[in-house]
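Report on the following structure.
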Amino acid sequence: MLWPALRSVLFQLDPERVHHLAHWALHRVPLAVARARRPAPIPALAVRCMGLDFDGPVGLAAGFDKGDVALPGLFGLGFSHVEIGTITPRPQPGNDRPRLFRLPEHRALLNRMGFNNEGMEACARRLAALPPAARLGPVGINVGKNKVTPNEDAAADYLACIERLHPYADYLVVNISSPNTPGLRQLQERDALDRLLRACVRHLAERAPGKPLLVKLAPDLSPEALDEAVDVAIAAGAAGIVATNTTLSRAGVERHPRAAEAGGLSGAPLERLATDVVRRCYARAAGRVPIVGVGGVMDAEGAYAKIRAGATLVQAYTGLIYGGPGFVGRVNAGLARLLERDEFSTLSDAIGADHRQGGGKAAG
């Protein structure tokens, strides 16, 4: 009950300042404290995906830790995995401030950060300095291109990040779907996506055979373009689909004073759209690769909807901002109750249940 009161105080401050304060605090969590405070895993929620073991489905989405590497503190919150990034080859400041806005009436955020990060070298140094024990679960690294890099040269940026960062990643994600880097989403078009992913998959396979490389897609693709992107990604050798990034749509928040701000919308207004994209990706992939569901995971019900729609794992960021330190524990406890209600023995049994007749009792 303390979190709502603390949140009301923090929400009086600039959102980016609060973000930095949170990182400052998380960096100072000793590993022993993180282990002691980490919620106990629930065996029914464990899942194996892409050759990796996850003690639950709920991970931290890219965008929160952009290379500061506060792993013990983040794992101490209960996340089963942490995705760092987006990381670019060279440091870049991102877009001008203000660039992060809260829409508390809608439990949403709107951002136009623009891949602000200190670059792959700084990230690699920090990851190299971490003791192995600090990795309380799989660590993903989400990579992108620098803003000044033209799309025709984008592959070089992604390959540079893969080259430098793959030793420290359990999996990598190619981010081509942020709305805050001009022209980036054009890399989702068929030919560009095919060339980029084939180059990335080949480069990683030569250096770390078997290490998974995923691609993160936008929620704003047409159904036909989404189907095509999934087909291209699988044919190119991607190990999974991350669905989705933030949306350019303002559906549900049209009348909010911030609705006219440029940037991507995340949080509760994205939940239904992102779940629909997960559902379509799962159907199109037809079991060939797993789907990681992201977008509007604000509670156990939202996470469960994505799992039943086909997500093997889910990720949250905005849900953490609104839900506070106890967010993951509450989601996991709620998921366990929902599995029991629908007579599933394990989370794996519920993945894609909405696509199967007789796949447990009707959700909701």
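Glycine residues also receive a Cβ, built from the backbone N, Cα and C atoms like all the rest.
Just one of K66, K306 is listed by Swiss-Prot for the same substrate site as N111, R112, M113, G114, F115, N175, N180, N245, T246, and that one is K66. Same-site candidate for FMN binding, as annotated by Swiss-Prot with A62, G63, F64, D65, K66, N142, N175, K216, T244, G267, G296, Y317, T318, chosen from T86, T88, T149: T86. Distance between Cα atoms for N142 (FMN binding site) and N175 (substrate binding site): 6 Å, as a whole number. The subset of binding-site residues (F64, K66, K216) lying with their Cα within 10 Å of the Cα of N175 (substrate binding site) consists of K216, given in sequence order. The recorded positions listed here (F64, S178, K216, G267, Y317) include S178, K216 as those with a Cα within 10 A of the Cα of N245 (substrate binding site). Put simply, Y317 (FMN binding site) is 15 Å from R112 (substrate binding site) when counted between their Cα atoms. Across the residues annotated as binding FMN (A62, G63, F64, D65, K66, T86, N142, N175, K216, T244, G267, G296, Y317, T318), the widest Cα-Cα separation comes to 20 Å. Counting every protein chain shown, the number of other Cβ atoms lying within 10 Å of the Cβ of S178 (active site, nucleophile) is 24.
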